[in-house]
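Annotation comment: Swiss-Prot describes Glu95 as active site, proton acceptor. The active site, S-methylcysteine intermediate annotation in Swiss-Prot covers Cys353 and rests on sequence analysis. Marked as [4Fe-4S] cluster binding site by Swiss-Prot: Cys115, Cys119, Cys122. The S-adenosyl-L-methionine binding site annotation in Swiss-Prot covers Gly179, Glu180, Ser211, Ser233, Leu234, His235, Asn310 and is backed by sequence analysis. Marked as disulfide bond by Swiss-Prot on the basis of sequence analysis: Cys108-Cys353. According to Swiss-Prot, the feature domain 'Radical SAM core' maps to 101-348.
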Amino acid sequence: MESVERVNLLGLDGAALSELVGQWGGKPFRARQLQRWVHQRGADSFDAMTDLARDFRAQLARDCVIEALPVNTEQRSSDGTRKWLFDVGQGNAIETVFIPEDDRGTLCISSQAGCVVNCRFCSTGHQGFNRNLRASEIIGQLWWAKRVLEAAADTARLPGGKAGEDTRVISNVVMMGMGEPLLNYDQVLPALRLMLDDNAYGLSRRRVTVSTSGVVPMMDRLSQDCPVALAVSLHAPNDALRDELVPLNRKYPLNALLAACERYLAHAPRDFITFEYCMLDGINDTDQHARELIQLARQVRCKLNLIPFNPFPASGLKRSPSARVRVFAQRLMDAGIVTTVRKTRGDDIDAACGQLAGEVRDRTRITERNATRTIPIQQVHA
């Protein structure tokens, strides 16, 4: 007799959980209770859900699990950034990064193991593509981090959000980790809905950001299904250069991308799109590039976020000097373009932008470096 795979409750959004509970004859309020236990209280045992009927808990224990990916290691940066390495099987891993700041706590999560887009400046893309993550594996990163951070005495707390907490540790979630979220849309969508659900994490749409390299048809779908803040990996002001840096541009060139951004803004929670621009020495950082970028940015309401490149050997690229970045940023601001320069965080644990999973396949380097700076997971369990 074949065993039936149990349902992982982490991956069910409110509608799917209500449907499951309804199949057992349960009322919608039972699904909401269950959702609060799983996502707000971080329960991983049905026995702990003492306000649920005993027979309902028994049904859950038979048919369901609450299970995140196994965590191999946690690393802490000197600047307070924390990174978890999750095992996705077959020798592959994904990474999740928590970035604490005075006014926010941002969790950067992954949507794929590896990435198929293969941007030239991104270490993650150079590792190749393994598989899409399931919704339970995507939201499981938030579930895990919330439990661990709330249990840590040294984690700063911020004013609460819609979900009813007096305080919260994670105030923002960005899908800027491994993978292209919009190429795993069917699994990303329920995860986003859980992030926004008042019975789960209760985050504002303005505080959840999906970053895309420009999958135009799925940008349009997201604007209808679950419009959250949008960041676009731009990195070049013209098609010829972007074709080289972001190969997806050959399928969805800049004219199509900018038109999709304009359509998205009609539904977006913010009145601008964030354009991410990785600063590469001599490649996309000249005065001419700045002039072209100004012309492009004037076509859509946007903010430019300049990102210092994090070098890795296989790229053959170098980071723009700090002075060049400052001049480039000033050119944009003088033209009236809202511009920020991203502060690098966690680069001593390879948690900075473009570095995720850069060591995942290099087991020797991982072992050597973890021996000196990794915190054993058993010390940080909630």
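Yeah, the Cβs are placed from backbone N, Cα and C, and that goes for glycine too.
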- Note on the structure: A 10 Å Cα radius around Cys115 ([4Fe-4S] cluster binding site) captures, of the recorded positions Cys108, Leu234, Asn310, exactly none
- Cys115 ([4Fe-4S] cluster binding site), number of other Cβ atoms within 10 Å: 25
- Could you state the CA-to-CA distance between Ser211 (S-adenosyl-L-methionine binding site) and Cys122 ([4Fe-4S] cluster binding site) to the nearest Å? 14
- Take every residue in the domain 'Radical SAM core' (101-348), average their pLDDT values, and give the whole-number result. 93
- Item | Cα-Cα distance linking Cys119 ([4Fe-4S] cluster binding site) and His235 (S-adenosyl-L-methionine binding site), given in Å to the nearest integer | 10
- Can you tell which of Ser211, Ser233 has the least company, meaning the fewest other C-beta atoms within 10 angstroms of its C-beta, among these binding-site residues? Ser211
- Task: Calculate the distance in Å between the alpha carbons (Cα) of Asn310 (S-adenosyl-L-methionine binding site) and the residue listed as 'active site, proton acceptor', and round it to a whole number.
- Result: 17
- What's the CA-CA gap between Cys119 ([4Fe-4S] cluster binding site) and Cys108 (disulfide bond) in angstrom, rounded? 19
- Message: Rounded to a whole angstrom, what is the C-alpha distance between Cys108 (disulfide bond) and Glu180 (S-adenosyl-L-methionine binding site)?
- Response: 13
- Rounded to a whole number of Å, the separation of the Cα atoms of Glu180 (S-adenosyl-L-methionine binding site) and Cys122 ([4Fe-4S] cluster binding site) comes to 12
- Task: Sort out the sequence-distant neighbours of Gly179 (S-adenosyl-L-methionine binding site) for me: same chain, 6+ apart, CB within less than 8 Å of its CB, listed by position.
- Result: Ile94, Ser110, Ser111, Gln112, Ala113, Gly114, Cys115, Thr124, Asn132, Leu133
- Item | Residue pair Cys122 ([4Fe-4S] cluster binding site), Ser233 (S-adenosyl-L-methionine binding site) - Cα distance, angstrom, rounded | 11
- Query: By the DSSP assignment reduced to helix, strand and coil, which category contains Glu95 (active site, proton acceptor)?
  - Reply: strand
